[in-house]
Structure formats: C-alpha cells, structure tokens
Amino acid sequence: MNNYKKVEFNVNKNKRTYQDIEKNVTIEGNGKKFAIITYGCQMNEEDSEKLSGMLKRIGYEKTENRDEASIIIFNTCCVRENAENKVFGNLGQLKALKEKKPELIIAICGCMMQQKDMADKILSTFPYIDIVFGTHNSYKFPEYLNRVKQEGVQVKEIINKEEEIVEGIPVDRKSTVKAFVTIMYGCNNFCTYCIVPYVRGRERSREPENIENEIKELVSQGYKEVTLLGQNVNSYGVGLEPKITFADLLRRINEIDGLERVRFMTSHPKDLTEDVIMAIKECDKLCEQIHLPVQSGSSRILKEMNRSYTREQYLELVKKIKKEIPDVGISTDIIIGFPGETEEDFQDTLNLVKEVEYDSAFTFIYSRRKYTPADRMENQVPDEVKHDRFNRLVEAVNEIIGRKNSEYDGKVVEVLVEGTSKNDETKLMGRTRNARLVNFVGNKENIGKLVNVKITKAQSFSLFGEEV
Ligand code: SAH
Ligand code: SF4
Ligand code: F3S
C-alpha cells in the first residue's frame, strides 16, 4: 500500500508542541528515501508512524526497499531475547551496505536503547551507526538528523526520565481505514518478568481534548476505526485535571460523528472496571472485544508475577464480561515457564484457557530480562520443559480458536473492509466487531466501508466468505 495519509491536528492546552521543535530543523529531504524497520508492539508501530510523519514533512519519501534508502531507522524492542537477537542480526548486515554507500545514515532507537549500557554496547559493536536515541525523545529525530547532516557528527541521546508529552507530531499512518491513537504512555505495574516499565517510564495520560482532536481529524480524512493504545488503558486519566476516567474518555469518543468503531488495548485485569464494561455494552461504536492478558492460570504464579489478581478473580471478571456483552471476543497473552512454574501450575493455565475459551491468544515462552526481579529468581524452568509445555498450550489454544471459528459457518457478519487480502489481491479483508479476521470475495469500491459478509468457510485462524 502506498496511499499513506499524514495526520496533523490542532493541539489544546499543551505547553510544548512539535511545531516549536521543528523550527530548528533546516535540512530538506528533496525526495530522498528513508526506510523504517519496526520491531515489537503497537507502541513502536505508532512511534514509527510518527518518525515517518516527521520525515515526510521535511521532504523525505518512504520506501520499503533498504537498498534505495538514504536513511535507515531501526526501531527496536527488548521484551524478549529473540526480539533483541533479530536486531543484532540485522545491524551486522548493514556494514556492507554502508561500505558501498558511505553517505547512508543509519539510526537506531526504541525500547532496546533505554536499557542500561545497551546504546554503548551497540555503538562499540557497530561504530558506523550515525544516530542513537531512545523512547522519550523520538520527536527530536529530525533535529538529530540535521546535526549529522550539517556537522558530520555522530549523535547519541538517551533520556532516562520521561518528559511532558509533546503534542502535534505529524503521523504517517499505514492504513487509510483504521488508526492507532496512543492515549497514554508508560507503565507503573512492574510485573516481575517485564522490562517495559524500565524502558517506557512511568504512566502519563494525554489530555482528552488532544485525543478527541486527533480522532476528529482522522475521521475528516476518512478513517473509520481507531484503536486506543496504552500499556494499561484502564488507568487512563490519573493525574489529569479536571478528573477523567477511561470509561469517561470512551463515552466522549463514542460521540464523535462519522467514526464507526473504537477498540482499545491493553486492559490489565486488575483495573478493568465495571463502568468500562458498561461503556462497551452501551456505546454503539465500542466494539465487543477485550484484550485481557492473563499471563498464567495459577494464582501462585500470578502472585510471583506481581499481577495483583487471582485465577478466581480473573475468571469472575470474564464471567461478568460475557454476561454483559454477548458475542464478545476475548483475547489474551500467556507466558509459559515463569520461574518456579510446576506441571500443576501449567495445568491450571491449560484449564483456565479451556474454561475461558479465548477467541485468540498470544503465547510466549518466558524470557529472562536483565534487571527484572524474575531474572534473579533461582528456580528457572529448564528450556526443554518450557518448550514441551508451550507446545501443549498452543495445541489447546488452536483447538479452541478453530472450534469457535467454525461456529461462524453460514453466519452473516458485519465487516469493516480494510483493504485487499494479504496473500490474494483479488480478495478483500477486514474484521468483525469482535475482531475476527475475514477474507472475502467483494467489491473493491467498498474498501473503508462496513459491509455484510456471509461466511462460507471457517479456517483455523480466519473466516472466509462472500459479500452479501
Ligand atoms: N502492557 C501489556 C503488554 C506488555 S508486552 C500488558 O500488560 O499486557 C506484551 C506481552 O509480552 C505481555 O503481555 C507478556 O505476555 C509478554 N511478555 C512480557 N515480558 C515477557 C518476558 N520476559 N518473557 C516472555 N513474555 C513476556
Ligand atoms: Fe509489562 Fe505488566 Fe506493564 Fe504490561 S502491565 S507492560 S506486562 S509491567
Ligand atoms: Fe517491545 Fe517496547 Fe513494545 S519492549 S513490546 S516495543 S513497549
């Protein structure tokens, strides 16, 4: 897809905006190309969309082909070891490219850079990198580029303290139909396995007016769906004046004319309140979908993980959600092999998965992260045990998802058409309100519209149908 849209919007209330920062940038791209390689979660995806937005505004163009790029940016993730390994592998390959093309600018940013000593380690291994920055200062990238271009220096700036939120950054979104909108940054939860709070800082919420303005601008450009992003959206609003809760924000966004669908992620089970469940039930634009990471089905392990809920409380919450929101799609994240996990704990997880009957699940093998409490726990689970449990979990999850999908055979569902199918340009793809992926035969003119699709074949991870 090359029909990217760039969104700029009016900013209320904020002290500092991107427009102030941009004044110091004098270089121009003149059509030269940049490539961004993004690892990790939607937070990084959104940051990359902003990097792209800022570069396009000074005249650069985006390319997917690294060979024709004058700037290559790596936006890194460190949530698990394999995410980091991918980055190291890719940086090594760039040496040859840089030798062939000395004027190539290589930048590296994202969560990995916020880890203690990581930036220095990377620079000593890959000295040909030109710009290194972290998650708190990515809006300064054009400024750094300016310095490299004008002074011929290497720039490294990692900020370890979160700053006030900078508004008004242009965003160059991948889709023209649905958009991510970050409503809060950071995480205060410190789950014992997780590195995110260390690399993304403490929770900060955006002013509701800025979020609304951004969504209204998106709608005026033709966008139909937004996904509100945060590590724990349920604690949205803490510290804002006047007071506002996440449920209040959802109800305000539901009033925006022309918007069709609203989703959000992630909900921490300890903070998902009744008023959010009721907002989903009562607001027509809020989709019947909740991403509710459980991580483990064993109360003992949950305690060790510092998740602040028990198996019983989680199941109670799921029961309430299912009672209030018929046809709701519930998805989750599960970690296998957390330190001290016994076969019995694992069976608790398996049974919970079967009881909840998730509509989709992301399953992960526990990965030791330096500086987190779980890394210092002594009873680490051996690799082969982890892999065996992981395989058994995936089998159970797939069986449930396949069975739940098969219930859609013959049904008519409402789909927001996002574009053509990934593997077959002659077909269309979109999602149901409860987030099921549907590939179907239909009219290309309906991209960006809501259509009814009759399901003719249910596959393991998606549905297939025809527009009716
Ligand atoms: N804030 C979100 C997402 C965090 S990262 C949340 O709380 O759900 C996405 C997922 O990565 C987590 O839900 C968790 O399942 C997984 N994860 C985090 N740290 C991990 C680690 N050290 N090893 C394996 N999986 C991990
Ligand atoms: Fe990590 Fe837990 Fe925060 Fe999610 S809630 S980002 S898993 S510390
Ligand atoms: Fe990775 Fe950072 Fe997201 S560590 S999972 S990209 S918040």
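For all residues, glycine too, the Cβ spot is worked out from N, Cα and C.
What TrEMBL annotates here:
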| type | residues | note |
| --- | --- | --- |
| DOMAIN | 32-150 | domain 'MTTase N-terminal' |
| BINDING | Cys41, Cys77, Cys111 | [4Fe-4S] cluster 1 binding site |
| DOMAIN | 173-404 | domain 'Radical SAM core' |
| BINDING | Cys187, Cys191, Cys194 | [4Fe-4S] cluster 2 binding site |
| DOMAIN | 406-468 | domain 'TRAM' |
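Taking the features listed in TrEMBL, we show where each one sits on the structure.
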| residue | record | DSSP (3 states) |
| --- | --- | --- |
| Cys41 | [4Fe-4S] cluster 1 binding site | coil |
| Cys77 | [4Fe-4S] cluster 1 binding site | coil |
| Cys111 | [4Fe-4S] cluster 1 binding site | helix |
| Cys187 | [4Fe-4S] cluster 2 binding site | coil |
| Cys194 | [4Fe-4S] cluster 2 binding site | coil |
Cα-Cα, whole number of Å: Cys111 ([4Fe-4S] cluster 1 binding site) versus Cys194 ([4Fe-4S] cluster 2 binding site)?
12
Which residue, of the binding-site residues Cys41, Cys77, Cys194, has its CB surrounded by the fewest other CB atoms within 10 A?
Cys41
In the domain 'MTTase N-terminal' (32-150), how many residues does DSSP assign to helix, to strand and to coil?
64 helix, 23 strand, 32 coil
Just jot down the residues in the same chain as Cys187 ([4Fe-4S] cluster 2 binding site), at least 6 apart in sequence, with C-beta under 8 A of its C-beta; none if empty.
Cys194, Val196, Pro197, Arg200, Arg202, Glu203, Gln231, Asn232
Sparsest-packed of the listed binding-site residues (Cys111, Cys191) - C-beta count within 10 angstroms:
Cys191
Among Cys111, Cys187, Cys191, Cys194, which binding-site residues lie by ligand 2, judged by Cβ under 6 Å to any atom?
Cys187, Cys191, Cys194
Please check the binding-site residues Cys41, Cys111, Cys194 against ligand 3 and give me the ones with CB under 6 A, sequence order.
Cys41, Cys111
Separation of alpha carbons, Cys191 ([4Fe-4S] cluster 2 binding site) and Cys77 ([4Fe-4S] cluster 1 binding site) (Å):
17
